[in-house]
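> Sharing a structure here in structure tokens format.
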């Protein structure tokens, strides 16, 4: 009898299989609501990602153009359409607010947690492993942190996860009908992944399934049933693929070469260029607060690699990680699709330790996390005493920061004291962190990284203006989102809108330092003018000096808001 099927009951976290089956799913749902959903409205939109994706999706609702993405009315072809659809649907249902912008990321992560639970049940049919794997995945630092952040990575990760779960269900089923269902589901996931972030959604399932099926000597089955996935993927994605080509013939050329070829093969000139080993230390950080369990988990994976399900999980983890490491362009969130198999492997490892009543590695994990948080607490006390990073008016935010750090220490200390009965307590620590830390940010970070909060305080005055101007894409998109007005002209900045601004029709949207005086004169003839500037450099200070001196001026940190009244000729 294997240890995972051992009927031995002991006073671990899961006192009985029946209790796990009864409480695991309600407990995961409760944690999802408390740590993922409730904090969504507790802090402003981070720049540049959240304001960008919130504005692009809102613009779909305002313009009715659900085919070609536009950023503040300017062509923006760096991503396909489906991710914007989901964020737009969130805003359509819940309103143009923080919850509406972020709900797509939270729900995508929640579904990925559910997929973890389902696949664990399929692999081992052990309620304790099911619950442990889902809890671990839900509490990985990178996964939990992105769940409340409005970008496309949680959505893309969902579609990759669904693809790989569908492949396993397809190849593990005995009946042709069930296999067809699995391959068809793979096609749906690939089609949605393609429309969320591109051709990587098609590559990753092939990268994993092909060597696995060759190893299993089932290549013919892969070819026969794989055609079903190809057809379904085409049915899902082809209508939009053709529609965007018809409306914007240059979309696929730009998207393919800029977002795929350049990122993978451009070397040091690639966007977000990083060394090949970038993801190795990041993998450790991404799995906090469970990072010290990672070596033992991977060692067990290697020892059991000849077992079919372990080999599949190993390929799912290792091959995408190797592919992303070879790519020239790298961002931390790219490895999110690698983490679900890690959670499954780690969940099985933890339950085996509990069955064997071996808490050594769990205790070491708690010690590491406790020391880490203790260092963070000392650093916070020192910085507050010497630098006063929180002002006297920010005691509530400072209190939240202390709650986060002390809560992390207590949660992990409990794991140290009772590693078998309270092994899951680090999940509570990471839950407190992702729920409270964004709201605990000092004002200097809020003012710098969440400009929509300051803009919201002056929203009435800004909404009464006829023209808008900004020197920063993050501030401009926050302004456009808050006012529901995509038309924000760009003062001495281009950034990621370089491609869209090359359109001759967009020439009027670019305002140079030499031309801002004339632009202001013409704009004030039409009505009041609102200007939002971020001032971090000497050049940006010069931009402020070029503005008229007769306007209202509001300042918070490096963010400046000017309101200029209409001026008749």
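Residue numbers in this text run from 1 along the chain shown.
Glycine is treated like the rest: Cβ placed from N, Cα and C.
Per Swiss-Prot, the features are:
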- 27-47: transmembrane segment (TRANSMEM)
- 98-120: transmembrane segment (TRANSMEM)
- 129-149: transmembrane segment (TRANSMEM)
- 151-171: transmembrane segment (TRANSMEM)
- 194-214: transmembrane segment (TRANSMEM)
- 225-245: transmembrane segment (TRANSMEM)
- 275-295: transmembrane segment (TRANSMEM)
- 311-331: transmembrane segment (TRANSMEM)
- 334-354: transmembrane segment (TRANSMEM)
- 366-386: transmembrane segment (TRANSMEM)
- 396-416: transmembrane segment (TRANSMEM)
- 420-440: transmembrane segment (TRANSMEM)
> Report the listed stretch (98-120, 151-171, 334-354) having the maximum count of Cβ pairs within less than 8 Å of the transmembrane segment (420-440).
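That would be 334-354.
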> Same-chain Cβ contacts of the transmembrane segment (275-295) under 8 Å, 6 or more residues past its ends?
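Beyond its ends, the transmembrane segment (275-295) has Cβ neighbours at 136, 139-143, 321, 324-326, 330, 332, 334-335, 338-339, 342, 346, 349-350, 361-362, 364-365, 368-369, 408, 412, 426-427, 429-430.
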> Is the transmembrane segment (194-214) packed against any residues at least 6 beyond its ends, judged by a Cβ distance under 8 Å, and which are they?
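Sequence-remote neighbours of the transmembrane segment (194-214) are 79-83, 152, 155-156, 159-160, 163-164, 167, 171, 186, 221-222, 226, 229, 233, 236-237, 240, 255-256, 259-260, 311-312, 315-316, 319-320, 323, 337.
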> Output the single range from 27-47, 98-120, 129-149, 366-386 maximising the number of Cβ pairs under 8 Å to the transmembrane segment (334-354).
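When the Cβ pairs under 8 Å are tallied, 129-149 comes out ahead.
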> Same chain only, please: residues at least 6 beyond the ends of the transmembrane segment (98-120) with a C-beta under 8 Å from a C-beta of the stretch. Say none if there are none.
24-25, 28, 32, 36-37, 40-41, 43-45, 50, 53-54, 57, 83, 86-87, 89-92, 126, 129-131, 133-134, 137-138, 143-144, 146-151, 154-155, 157-158, 161-162, 165, 168, 340, 343-344, 347-348
